[in-house]
Amino acid sequence: MSVVNNRVALKHLVSMEHLTNEEVLGLISRGSEYKAGKVAIKDNSRHFAANLFFENSTRTHKSFEVAENKLGLRVLDFNADTSAVNKGETLYDTVLTMSALGTEICVIRHPEDDYYQQLIDSPTITASIVNGGDGSGQHPSQCLLDLLTIYEEFGHFDGLKIAIAGDLTHSRVAKSNMQILKRLGAELYFYGPEQWYSSEFDSYGRYMAIDHIIDQLDVLMLLRVQHERHDGSQSFSKEDYHRQFGLTEERYRRLKDSAIIMHPAPVNRDVEIADHLVEAPKARIVAQMANGVFVRMAIIEAILNGRNDKV
């Protein structure tokens with residue numbers, strides 16, 4: 001991996017832990033340049049990408065697809081439900097096949113944590129792997145679009161007070177963001193149901209009730225309650241969760257004028273956030289979605305740079 005004059009070159013992108021601060025800032029800067037229309041698009045029509053999604057997705061899947069098309073790549077159609085996966089084909093063999101066909105970039109979402117390790121360790125698979133989310137592990141492209149959204153607002157990360165709130169244990173978004181935000185100098189707070197908190201967060205910030213900190217926050221990053229990863233013993237009613245942990249109208253009024261609200265979506269309205277606040281003046285949820293395309297363009301460009309440089 002390398003970066004020279006904001007030109008980032010990556011072999012794979014699977015975890016925020018693998019990126020230097022310089023690479024992170026380079027990708028954010030490049031995403032901003034794409035957003036501003038300052039980048040001349042090269043002829044990438046000889047390059048092939050495949051989006052292999054084994055979990056449901058709207059924003060990540062479609063924004064990668066838009067990004068790939070904006071950059072002029074050829075995007076292979078893949079539907080797990082109609083592929084050989086239904087005949088028992090493993091993830092490894094699916095990616096091995098795509099690689100053998102000449103696919104250079106595989107964007108993958110999979111329910112297994114660290115699914116990518118066997119792929120990037122393979123001496124046979126030559127495709128570059130971009131992690132579109134692994135189980136409860138990492139979500140690097142979401143993290144990078146979150147960083148771009150924050151940077152557009154404040155112009156820096158150092159000293160910002162940021163709360164990450166909600167279903168922490170199951171959130172790959174929380175884990176990716178906490179790692180890099182701490183490295184960039186932000187002051188982190190976590191809150192949500194205690195049974196959805198684990199000691200792995202202790203090294204990155206403080207667990208604190210939202211009502212004790214909300215009026216000091218610069219960024220409130222809400223997380224989706226991942227019902228599909230819970231058993232019944234951990235459940236709350238929608239009303240109880242919203243009252244105890246969600247962004248209510250009363251809590252919204254306590255935020256600083258300069259504070260922003262974020263959410264990776266999909267949003268459970270009137271659970272994590274009151275329905276009418278999703279598009280409120282302080283909300284940047286739609287901006288996050290839009291920024292996803294430009295950051296993912298920067299990621300794909302960095303992968304193509306890395307393949308050209310053979311990093």
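Each Cβ is built from the backbone N, Cα and C atoms, and glycine gets one as well.
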Candidate from Arg7, Arg109, Arg183, Arg307 that Swiss-Prot assigns to the same carbamoyl phosphate site as Arg59, Thr60, His139, Gln142, Ala265, Pro266: Arg109
Residue pair Arg224 (L-aspartate binding site), Thr60 (carbamoyl phosphate binding site) - Cα distance, angstrom, rounded: 15
Env. residues of carbamoyl phosphate site, Cβ within 8 Å of mean position of Arg59, Thr60, Arg109, His139, Gln142, Ala265, Pro266 Cβ: Ser57, Thr58, Gly132, Gly133, Val173, Pro264, Gly292
Nonlocal residues around Gln142 (carbamoyl phosphate binding site), in sequence order (Cβ under 8 Å, 6 or more apart): Thr60, Gly133, Arg172, Val173, Ser176, Pro264, Gly292
Between Lys87 (L-aspartate binding site) and Arg59 (carbamoyl phosphate binding site): CA-CA distance (Å): 28
Whole-number Å value of the largest CA-CA distance among Arg59, Thr60, Arg109, His139, Gln142, Ala265, Pro266, listed as carbamoyl phosphate-binding: 16
